[in-house]
Amino acid sequence: MSGKHREISVAEFFEKNKHILGYSNPAKAIITVVKEAVDNALDACEEAGILPDIFVRISKVDDHFKIVVEDNGPGIPREQIPKVFGKLLYGSRFHEIRQSRGQQGIGISAAVLYAQLTTGKPATVISKTPDEDRAKKVVLYINTKKNEPEIVEEGEEEWYLPSGTKIELEVAGNYVRERKQSVYEYLRETSVINPHAKITFVEPDGTINEFKRVTDDIPQPPKSIKPHPHGIELGTLMSMLKSTRATTLRRFLKEEFVRVGEKIADDVLRKAGFSGDETPQEMGRDDAAKLLNAFRQTDFLPPPTDCLSPIGEAMIAKSLMAEFQPEFVYAVTRKPKVYSGHPFLVEVGLAYGGEIKSEKVTLLRYANKIPLLYQQGGCALTKAVESVNWKSYGMVQNRGELPSAPAVILIHLASTNIPYTSESKESVAAIPEIIDETRLALQEVGRRLKEYLERKSRQQKKKKKEEMIGKVLPLIAKKVCEILEKEPLEIDRIVARIMGYLHVERIVEERDGVKVVTIRVSNFTRSKKSIKLYEMCSGNVEADGAKVSGSGYSTVTWSLEVKPDEEVEVSYRLKGRIINKNPLVEGVEEDLLSGAEVMNFA
């Protein structure tokens with residue numbers, strides 16, 4: 001029996017157990033291949049401070065699919081290309097403690113392995129760094145016996161990008177479009193949580209989808225931190241003791257852990273029964289166990305949070321507004337917390353009404369900016385949504401279910417160590433601290449929605465009064481104008497004056513294919529109004545005296561002061577389309593506004 005045992009490589013293991021990495025069925029396999037390549041592209045661009053411009057194409061080749069993913073990132077040096085794409089468990093972030101999309105060095109090489117298993121075709125990688133004149137091309141397989149790359153072709157070629165990486169894979173699978181679990185939906189949700197990225201996707205039938213960049217602001221890259229004493233396990237501690245360069249146990253504590261200074265080190269040593277002069281490399285399992293027990297008895301400051309990279313409230317709200325065109329949107333980023341020594345934070349966005357027509361709430365789940373498309377029912381983020389009493393916030397809900405409303409709920413969990421339920425990283429485990437933080441964030445956006453709905457109800461009552469005035473006033477105005485032989489009056493403006501509103505009017509004229517847009521703001525309230533006026537547009541915008549931000553989608557912003565009975569006029573030129581139905585205003589209550597909508601996000 002013993003003669004039958006032999007060592008197998010990690011590549012051989014995943015060759016026989018590819019379902020562990022997300023390749024459990026043909027449709028899911030194509031999504032996973034695209035996901036791994038796009039995640040790599042986003043990480044590379046962000047680390048280099050480059051606004052991501054990612055191109056994805058899927059085409060049918062005989063009875064399988066060719067997948068091409070191309071980015072404008074920093075590129076990969078030639079000597080690193082074979083190991084990055086042809087060796088499992090080869091990566092740059094495995095030993096770092098910081099937020100990142102991938103960490104183990106398995107993702108993209110597993111996609112290469114899946115391609116060669118299902119079609120027998122090698123991966124083609126083209127990459128160029130900024131200091132190179134020509135791109136490097138490498139065609140390779142993975143030797144599963146050795147877990148090493150096998151290069152079958154390499155060379156140089158001209159490439160149109162100054163830097164970047166392109167990977168081509170041919171895989172077996174099924175391409176689907178009209179469902180939640182699809183490549184299209186994955187890329188759409190990726191664009192929502194990465195508003196700084198532009199993603200172009202060409203489908204097998206030639207359909208071109210462009211997910212535009214909403215902001216030019218690149219997220220601040222997270223920093224690496226040392227382990228926190230409350231997040232360490234016995235085996236890891238033993239390994240750290242053996243490999244440290246520290247010559248004494250006291251120096252080991254201070255140099256190898258975060259939040260351990262002289263005073264804390266003394267406290268830990270006293271509780272563990274050590275002097276601090278011990279040699280770390282000579283300490284055994286029992287010594288490590290004493291040290292670990294002392295860690296658990298000691299209060300440490302939470303780990304620093306600059307190892308996390310949140311999306312931010314404004315960016316989440318702006319992204320939801322651009323993608324779904326709701327009537328209400330609000331986002332919240334909770335302060336970082338810790339579970340088992342691992343920093344994490346929760347962000348939640350809620351979009352309601354407007355162009356959202358679905359009866360059931362759409363839930364978008366993310367972990368470290370990656371969409372979670374599968375296992376929604378078994379995910380802690382879903383459980384947190386179901387545990388909130390949404391009836392209190394104006395939605396319909398059956399107990400223990402997602403609420404029913406024309407709404408989108410976005411949840412983003414960022415952490416140095418996402419507690420996934422499996423290796424395929426499809427759902428989050430039920431960690432009490434994470435569920436509690438998610439509930440608090442959901443309740444906060446719920447309260448904001450309730451306030452909005454109550455204001456909307458008051459406004460509807462006021463509108464009824466307006467309608468009554470609106471029915472009578474035109475008849476009176478018409479008769480008066482006929483008698484006095486005057487031009488017809490602006491009824492909306494007169495109603496706004498009677499009701500005491502801040503009235504906004506948008507006038508659009510077409511001149512030689514260019515929209516000339518004039519916005520007139522009239523203050524019929526009793527107080528001065530300091531407001532911000534917004535228009536969201538796609539196309540080329542020229543606006544004197546306004547701030548224009550973004551590319552692809554542009555936000556035009558005016559800061560205005562309007563005194564009682566004063567009228568202010570602004571204008572801009574647009575070669576494109578206006579996204580928002582009515583002008584958006586910040587700085588005035590909704591029940592005092594007519595002709596525009598209140599900007600409902602922080």
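Each residue, glycine too, has its Cβ placed from N, Cα and C.
Here is what Swiss-Prot says about this protein:
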type	residues	note
BINDING	ASN40, ASP71, SER92, ARG93, GLY102, GLN103, GLN104, GLY105, ILE106, GLY107, ILE108, SER109, LYS425	ATP binding site
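Overlay of Swiss-Prot feature records on the structure.
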residue : record           : Cβ neighbours (10 Å)
ASN40   : ATP binding site : 24
ILE108  : ATP binding site : 26
LYS425  : ATP binding site : 23
Ask   = Can you check what DSSP calls ILE108 (ATP binding site), collapsed to helix, strand or coil?
value = helix
